[in-house]
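Enquirer: Quick one: this structure, given as structure tokens, is what I'll be asking you about.
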Number of protein chains: 2
Amino acid sequence: MAGRMEIEGGAVDQLAGERSRAQFDVDAMKIVWAGSQHAFDVSDRISRLVASDPVFRKDDRTSLGRKDLFQNTLKKMTHALKRIVELRLTEEEGTKLRFFVDQPSYMDLHWGMFIPAIKGQGTEEQQEKWLPLAHKMQIIGCYAQTELGHGSNVQGLETTATFDPKMDEFIIHSPTLTSSKWWPGGLGKVSTHAVVYARLITGGQEHGIHGFIVQIRSLDDHSPLPGVTIGDIGTKFGSGAYNSMDNGVLRFSHVRIPRKQMLMRVCQVTREGNVLQSDVPKQLIYGTMVYVRQTIVSDASAALSKAVCIAVRYSAVRRQFGSQGGGPETQVIDYKTQQSRLFPLLASAYAFRFVGQWLKWLYTDVTQRLEAKDFSTLPEVHACTAGLKSLTTSVTADAIEECRKLCGGHGYLCSSGLPELFAVYVPACTYEGDNIVLLLQVARFLVKTVSQLGSGKQPVGTTAYMGRAEHLLQCTSSASSVEDWLKPSIILEAFEARAFRLAVACAQSISKFESPEAGFAEVSADLLEAAIAHCQLIVVSKFIEKLQEDIPGQGVKEQLRVLCYVYALHLLHKHLGDFLSTGCITPEQAALANEQLRSLYAQVRPNAVTLVDAFNYTDHFLGSALGRYDGNAYPALYAEAWKDPLNDSVVTDGYRDYIRPILKQTIFLSRL
Amino acid sequence: MAGRMEIEGGAVDQLAGERSRAQFDVDAMKIVWAGSQHAFDVSDRISRLVASDPVFRKDDRTSLGRKDLFQNTLKKMTHALKRIVELRLTEEEGTKLRFFVDQPSYMDLHWGMFIPAIKGQGTEEQQEKWLPLAHKMQIIGCYAQTELGHGSNVQGLETTATFDPKMDEFIIHSPTLTSSKWWPGGLGKVSTHAVVYARLITGGQEHGIHGFIVQIRSLDDHSPLPGVTIGDIGTKFGSGAYNSMDNGVLRFSHVRIPRKQMLMRVCQVTREGNVLQSDVPKQLIYGTMVYVRQTIVSDASAALSKAVCIAVRYSAVRRQFGSQGGGPETQVIDYKTQQSRLFPLLASAYAFRFVGQWLKWLYTDVTQRLEAKDFSTLPEVHACTAGLKSLTTSVTADAIEECRKLCGGHGYLCSSGLPELFAVYVPACTYEGDNIVLLLQVARFLVKTVSQLGSGKQPVGTTAYMGRAEHLLQCTSSASSVEDWLKPSIILEAFEARAFRLAVACAQSISKFESPEAGFAEVSADLLEAAIAHCQLIVVSKFIEKLQEDIPGQGVKEQLRVLCYVYALHLLHKHLGDFLSTGCITPEQAALANEQLRSLYAQVRPNAVTLVDAFNYTDHFLGSALGRYDGNAYPALYAEAWKDPLNDSVVTDGYRDYIRPILKQTIFLSRL
Ligand SMILES: Cc1cc2nc3c(=O)[nH]c(=O)nc-3n(C[C@H](O)[C@H](O)[C@H](O)COP(=O)(O)OP(=O)(O)OC[C@H]3O[C@@H](n4cnc5c(N)ncnc54)[C@H](O)[C@@H]3O)c2cc1C
Ligand SMILES: Cc1cc2nc3c(=O)[nH]c(=O)nc-3n(C[C@H](O)[C@H](O)[C@H](O)COP(=O)(O)OP(=O)(O)OC[C@H]3O[C@@H](n4cnc5c(N)ncnc54)[C@H](O)[C@@H]3O)c2cc1C
Ligand SMILES: [Ca+2]
């Protein structure tokens, strides 16, 4: 053991033994994880390209001050762009490249929010004018919605856009301190343009919130335009993390823009200042929303799988206690407590991956329906995507921190990769909809669905199960053995009954209050739980559906089946109060499920390291001394330490001024 | 509303309305929180002293690079020492001063670990030699136990201390890479000495792990002594946080120290190299352990109360949605979901404070017993303090992050204070015993206690309730109304029955395996839950005991009673699966408890802001734009933003090199 570790920086694969124990074809699993052979090929090629490019090194990120980190980001982005052009990468490849460069920057907002906003909300004419400029990056844009005083409540935004019919212009203005735009990424130091959301006023009348394309910096010398005040809003969580991003503050003092720069696809202001709704249905914006949320769920599985990959590999490397007669100590991954904390997260990474893949399908489906002007599934799709965004991001944030703790003290070092992964990930719980606000929207939809059941309206999509109301209210689980908990029908029924009964119980509680609104507000803490139960059911059922597909590769489907049951049964254990209080299962059945769960952990154990190998992450992308593919965690940690700027000198800079005067007692002379 | 916010930097108390609604005497509550009038006076005076000293400003911490932050720390510590001497502060006052300076540094380890190690493990002679040097800081020490390869398993440490009888010296050596000392705070760049834990070898025989005082740096020029390699282990979680600390790596190449530098209070090595146990009982070290854990619990309530203070105040300032007819929007603290997330944390802060105060008493009790050679309560005290360390630190870590989320997007800014509070706090879950390893120790003690119940041995202290085994196994809760859940006896019985039944169920499961050890390992995930249930019971019962004291001040006890029930009933809801599966309560009783909980939240609401005022934190100590006493969160956030180094220039530094070439398309020329 100690001997093996002597090989400093050695190339011996410390995890070879683990890999030889795997009971499935890891290459086949890689394709399943990637989604397709093509997706695998692209990711594999581009991730190696990034990893081998010295400009993209990440290991120095956390010791840089804010300014140096920001310079480093600008440099990387320019280099990324150069490489994309030089290598003539496709859009898919270019997006992947930025994904693997793995450093938040203005680029994310330019491509991910500014351009989609123009595509989604601009007229054809506007798209023709602005999109080519944006695609070539002759302008760089950001998405300026949130203000100091308003985020979740978009309708409360205070920035005004007042139409001046004389000049055929809008006057964009920040009337209060709280109306300052606050948070937009890329705004603080880079963007030349912004889509600004503001309160439309024409003829003295308010007409709600709309988007406007506003130039904010000169294209000549990059200085802010007259009437525009811009800055960065300061450091954020973590050392590197989102500090590479220039989230900004923006104030307008009566800034004029041409009328044509209001995004007018859905609503127009005429030359005379009249407000017209176009015949383009408002619902079209839902397409973009489904798309964005699908990428967030996919990012959740990426972040979670990174954390799990690090924690699984290090748990197989780390040995502590249990040495008998001088033999090697126990690998910490063999402790059942370690397994019960770690394996559900591994299963969740796969579960979120598959529900993310299903959301891609849902997006295609919704797009086709929207084109055919079929809006019937929209409310359900809205609730479903809101709920999945909330569920997967909340779980992932907590899971990254749990993975860090699973690595003991060393997880607290930035060289483990985990602190920065957490810091950069957690805002996903807040942006694109605060997770609690989103769950309340899901709950509202569920309560509505329950209330309409009597009226003969059939619930669709992910709420279809509610159509079996009678059965779900009275069924009792038939699980009577440990093996029964491996039956998809038994698992599904328990999750459906729990979700439905919680929703019905909420609806009943609400009806006891003077008004539905008052009731909804009063029981909203319970509503969150009902919404979560519904969302977990979706993930469980999509995982089960995945298992019904034809999945090639020796042993692959068997592994996925084990992970699926781990996912479901750990939830059953975690939320046991729900299942028992609604009478969906009995305490005896719960004990059987728990026993099955223990047995499933034992089945995951020999495959754990290979199951994270299937993510196919490069050591560069993982950025973790603990998570290295070859398991040489100790030499890597040791080598990383010496790179810290504090180690530039042997005797520390402050010695003469601050340490020597204490040791030599000269600072105390004043007392004598 | 918007108008109020216009007062940039104004001194208007935005929270005056909240404060006027409070139903209790905040000054009396401040004394309860502080523990005594004296403790309040000292904290109040010293915290203001620190807050008014410009050297101690904290607002620039997160934008500094590693080197600058470290310099800043050295400067603050030297200044702190100067002030302590100049003002002739007592030891209590000096400790408080460092607490309010609120920046981890070598001082913490010198005073908190190095000196106590010599006191606890050194002979009288050794104490006489080393303690005066350490107290005057003519030497600066650290505590070097953990190695790259071993933390939790201290018996596995690899550093050797081999006795050389010829020279009457020990040879300290690091035989492997993994034997490198790794983590000790203050080691990397400051300490001149270390207490090094190493494997004692004399006459070719191993004699376990012992502590040795080793000089590591020259007292003349601070360079590492021959044979000593030292460095910093690199950046850690967060931007400021523990990066102000020089956690270090240390390797020895056959370094010689006099025999007299082995800490020999309990075990001696003679001139001849013989190993003798002294007549000082080994158990004495438990006293120090109880002391250290008591401070950790006290730190937990400090960190949790800081986070809760910020989140409560900002939740009262923040308004979002719900404006009717142009009136002000709803304060987010009025949303029941916000309350159900936040108020249990407020209650936990008080609960941990009181259990921490009780631990101080326990420490005195244990010390007296040790002096009288009464070791009978030690195992129970050990389990109790291990469990409370684990419970309070885990809950606090999660709670800080929840408080951050409760602040929406703005909580992600360092100027909210919350990211750094989290980053600096979380290692408490790992150091001084990994929380899971500690819970397993608690579980082991519980299982043992259960197994001895038949033998007539009476369980003591916090396990005394297990003496009522028969009753606890068969009782059913008599709660039959919402009001019944305000009866301490009903709450206590439910928590006792739950804890006991879980422990008994584990003991029964274990007995089904071939050996107790195998059984313990197999069901260890369930054991964690039993241990947690036991620890929660301790906190609940100590809170209830507190309410039986005479507490002066109008309305104070009433508020504490409400918080106590919130604490207990939110746990009952959170762990409902435990209570139901063990048959301690019925689903109907759970529903009544939940209804009571809702009503309790409504009672907390008008007092929430004043309940956090009672912590008496200065704005300096809180370090949060969101948590300011006067509620002027928006002007403060706005002002903080402009201090970021990125705002030093209007046109950003990288513009010419990285942004202009994109906008002007010159980087693409190579393609043409
Ligand atoms: C890293 C990061 C990047 C961002 N990038 C951008 C960007 O590029 N462009 C942009 O425009 N914005 C951006 N944002 C802003 C982001 O969209 C908002 O922070 C987000 O919408 C949350 O809104 P909020 O901050 O107002 O939270 P708030 O709504 O103030 O939330 C505060 C608390 O109130 C609760 N709450 C609020 N309303 C209700 C309710 N009705 N019922 C119950 N509880 C409620 C919430 O649950 C939360 O606990 C970014 C934010 C971050 C952190
Ligand atoms: C900020 C910070 C400051 C520190 N300061 C000092 C210092 O000044 N001096 C010093 O000597 N040390 C210091 N340490 C080190 C600290 O004491 C150790 O990190 C701590 O003891 C945990 O041990 P570990 O890192 O070996 O964790 P490990 O034991 O390696 O834990 C890894 C995982 O294994 C699990 N595990 C381990 N054993 C078991 C078991 N028997 N059963 C089940 N699960 C198990 C754990 O739960 C965890 O999930 C510091 C650490 C930190 C983070
Ligand atoms: Ca930094």
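Just so it is clear, glycine is given a Cβ too, placed from its N, Cα and C backbone atoms.
A TrEMBL annotation is a machine prediction, not a hand-curated record.
Sharing the feature lines straight out of TrEMBL:
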ACT_SITE  B:Glu432  active site, proton acceptor
BINDING   B:Thr146, B:Gly185  FAD binding site
DOMAIN    B:25-140  domain 'Acyl-coenzyme A oxidase N-terminal'
DOMAIN    B:142-243  domain 'Acyl-CoA oxidase/dehydrogenase middle'
DOMAIN    B:286-447  domain 'Acyl-CoA oxidase C-alpha1'
DOMAIN    B:488-664  domain 'Acyl-CoA oxidase C-terminal'
Enquirer: Using DSSP, tally how many residues of the domain 'Acyl-CoA oxidase/dehydrogenase middle' (B:142-243) sit in helix, strand and coil.
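Expert: The counts are 9 helix, 45 strand, 48 coil.
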Enquirer: Between 0 and 100, where does the mean pLDDT of the domain 'Acyl-CoA oxidase/dehydrogenase middle' (B:142-243) sit?
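Expert: Reported value for the domain 'Acyl-CoA oxidase/dehydrogenase middle' (B:142-243) is a mean pLDDT of 98.
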Enquirer: Return the recorded positions from the list B:Thr146, B:Gly185, B:Glu432 for which some CB of chain A is under 8 Å from the residue's own CB; sequence order; 'none' if the set is empty.
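Expert: Near chain A: B:Thr146.
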Enquirer: For the recorded positions B:Thr146, B:Gly185, B:Glu432, which one has the sparsest Cβ surroundings, going by other Cβ atoms within 10 Å?
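Expert: Selected from the recorded positions B:Thr146, B:Gly185, B:Glu432 on minimum Cβ neighbours within 10 Å: B:Glu432.
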Enquirer: Work out, from DSSP, the number of helix, strand and coil residues along the domain 'Acyl-coenzyme A oxidase N-terminal' (B:25-140).
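Expert: Result for the domain 'Acyl-coenzyme A oxidase N-terminal' (B:25-140), in helix, strand, coil order: 91 helix, 0 strand, 25 coil.
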Enquirer: May I ask for the distance between the residue listed as 'active site, proton acceptor' and B:Thr146 (FAD binding site), taken between their Cα atoms and rounded to an integer number of Å?
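Expert: On Cα coordinates alone, these residues lie 11 Å apart.
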